[in-house]
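Quick look at what TrEMBL lists:
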DOMAIN    45-179  domain 'ATPase dynein-related AAA'
DOMAIN    192-275  domain 'CbbQ/NirQ/NorQ C-terminal'
Amino acid sequence: MDTLIKKSSTNTENTMTSLTGDIPFYKPLGKEEEVFKHAYGCRIPVLLKGPTGTGKTRFVGYVAHKLNRPLITISCHEETSSTDLIGRFIIKGAETIWMDGPLTKAVKIGAILYLDEIAEARPDVIVAIHSLTDHRKELYLDKLGETIKAHKDFMLVASFNPGYQKGFKELKPSTRQRFVALSFNYPSPKDEAEILVNETQLEMSVAKKLVGIANRIRNLTELGLTETVSTRLLVDAAKLIHSGLPKRLAVRVAVVEPLTDDLEITESLADLCDLMI
Ligand SMILES: Nc1ncnc2c1ncn2[C@@H]1O[C@H](COP(=O)(O)OP(=O)(O)O)[C@@H](O)[C@H]1O
Ligand SMILES: [Mg+2]
C-alpha cells in the first residue's frame, strides 16, 4: 500500500487553537472584521492578501475567537501535499490505522481552517479544497474512497503574499475566484505605534520613532529590496529595546539586517536609522 508511512513522518506544521485563552490583541485597520463576519455567515471562503508581517495571521486568530470557533492553522510550504491535509494510514504496533489530517478534522468538527501562504503548497492541495469552496461543501478522502459533508460551521481561510515580489508564487484565477478577498497593508503610523506599545509595553515616544524609521525605509523604493519593513520587524525591535538592548543596535539587528545582505545598503540604512532613533 503506497499510503503506508511511519507514524512520525508528517511534514506539515499545523496548530490547533482552542477557544480557551485570551483573545489575541488585534488592532482593526479597516472593515476586515465586518467583512469576515458576513463571509462567515454566508460560509464564503476568505483570502487574506498582503505582504508578510501585516497582521493576517493575527487577524485570523482574533476573528476565530470572536466567532467562537476553533482554529486550525496549516503553514504551507513547497512540500505541503493533499495527503498532509486530508490524512494517511499509519502503522501502530501491528495494525494499520487511518489518521485524519488537519483539513479532515476541521471539516468534521466545524473549525475554521487557515491555510497560511496557500500559494506555496503543492497543486494537489488546491485540487483537494475545490469541492469545499463551492456549493458542494464536501471533501473527498481519496485514500478511503469516501466523501464527507462539511460541518455547518466549517470555514476555509487562506493567506497569500501577492506576486509583486520576485520569488513568490502566484495564485491561479480559478482558485482566487473561489474566495472573497481582503487586502492587508502596513498600518497608519498612529495605529502601528499603538500596536508596538500594546505588543511590547515600549514607551510611545520610542514606538513613534520606530514607526518613523519604518515609513522612511518603506518609501525608499529605489533600493529594490524584495521585502520592506513589516510590522513584525518593528515589534521585534521594540521587544529588544524594551528588554534593554541599546536602541541603535536593536534597530540594526531587528530592522536593517533582516532586510538585505548588501553591505553598502546595510550601512546606509543603519546610518539613516541611527539618525532617526
Ligand atoms: N493589526 C494588528 N494588530 C495587532 N498586531 C499586529 C497587527 N498587525 C501586525 N501585528 C503584529 O505583527 C506581527 C506579525 O503579524 P502576522 O499576523 O504574523 O503577519 P502576517 O501573517 O501578515 O505575516 C504580529 O505578531 C503582531 O505582533
Ligand atoms: Mg502569517
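From the backbone N, Cα and C atoms, a Cβ is placed for every residue, glycine too.
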Overall pLDDT for the domain 'CbbQ/NirQ/NorQ C-terminal' (192-275), taken as the rounded mean:
95
Could you give the number of helix, strand and coil residues in the domain 'ATPase dynein-related AAA' (45-179) as assigned by DSSP?
42 helix, 40 strand, 53 coil
